[in-house]
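Have a look at the structure below, then the notes.
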């Protein structure tokens, strides 16, 4: 039998012929491209298309449900028992439950007066309200200022206590847990939690507590955040668009259909009995709020979201603060998913479809797939297909599906519709950072449990947002000491990973401009500019 001729051969250049280096590299590329690179890239395209379809179906589902909720669902006070609490001439204030207000703080020099003042001005009987300032500050001067502010309000007859710990063990979760252990709060039935930059309206408790009083199966009433510095710069406008979708759609749908959504960590009122039954606060992840919400839900407790109940707050207005916040918000849910997925599967107290909703929609699609498909598909796979034309991406996957997803995401902030295209580019850049954080959380590696408190400037809150856009950032920069050299400031702003991707996308755009057929270079050059702006750290200064 005659041996068949081998179908694979090594080019002569690799067998010793003295070709130049460029020619040899080209030969090696041609050898490995067809049998290795093309199949791998085709597989990546199929996986990304599958993830895009999952995200698309989830967004369409949420869109349909929110329309039905707005058109046909009854309002919360019609779906649940709600009776306003009133003073009784004979019983006095005894028909009002005792409410604990917790304000966790960490070196909150700029905003501590705002949060303490807002809590002390809540229109709730003074003898039925306990305010607890949980200060983990490490700066002695700030600790003294916060304590003096508490003493000032206490002298006016407000039941307010300044509470400190020896260590910051457990960070925010540890502070909240320690606060509930104090003997003077044992008679409290409910606890309202406000971060240091949050300013609830005086009637906040009167509009939320009756839902908990009249409905013993409700564990949490969550209010919406309203951002006082949304117009400060382009960075805050982008954040507003993302968070408005979360509040307007995701939490509204979760509350109306499954009575479940993730606690946002602030501007919410908990039934203390539900916290205790769920196992209390835990610090095993950086999203202690979501952790508690999932555990309480698995024990059959329901949650209620009130979209018309709002608390004013502040968005991060510096890129550094925003990146730390996004790392925590992306890494934490992924890490919690790793720790709780089997506990959710084995749970027998909740319905099957609720478990599917929590595992698939709440965790897998929104907290993992949404970050990964944005980064891998639109920032990596599609640019690579330009360099390897043998791999094809269908137009429905590259254009139509992302367009529909983007339009659905924009419904929460109609006033910023003109910024929609730049919001897409900015979200693609941030998906790099979020995807990295998601993998860190899933693998529980490196910075999985890193907690960095989001920097707050305070000026825009204290001035009731009367300053001009960007004034708060400029004032904060001006008051920092000691001043650093221009060169060191510039080096600190650099984000090398984003700059590296900017260079990669620019090269792909140039190649597509010269050799491509799909005109992707328009998108690639615009995405290059956005990666470069973030890479040089200037997005927070654009007004």
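A Cβ is built for glycine as well, from the same backbone N, Cα and C atoms used for every other residue.
Automatic, uncurated: that is what TrEMBL annotation is.
Check TrEMBL against the ranges 462-481, 482-501, 502-521 and you find region 'Disordered' recorded for 462-481.
Here the transmembrane segment (494-514) has Cβ contacts under 8 Å with residues 323, 379, 383-384, 386-387, 429, 432, 520-521, 524-525, 527-528, 531-532, 534-537 of the same chain, all six or more residues outside its ends. For the transmembrane segment (356-388), same-chain residues at least 6 beyond its ends with a Cβ under 8 Å from one of its own Cβ atoms are 33, 37-38, 41, 44-45, 48-49, 51-52, 54-55, 58, 61, 250, 254, 257-258, 260-262, 294, 297, 330, 333-334, 336-337, 341, 344-345, 397-398, 402, 427-428, 431-432, 434-435, 438, 442, 501, 504-505, 508, 511-512, 516, 518, 520, 524, 527. Outside the transmembrane segment (43-73), and at least 6 residues removed from its termini, the chain residues within Cβ reach (under 8 Å) are 79, 248-250, 252-253, 256-257, 361, 365-366, 369-370, 372-373, 376-377, 381, 384-385, 391-394, 397, 401-402, 404-405, 408-409, 411.
Computed over the domain 'Glycosyltransferase 2-like' (190-386), the whole-number mean pLDDT of the model equals 94.
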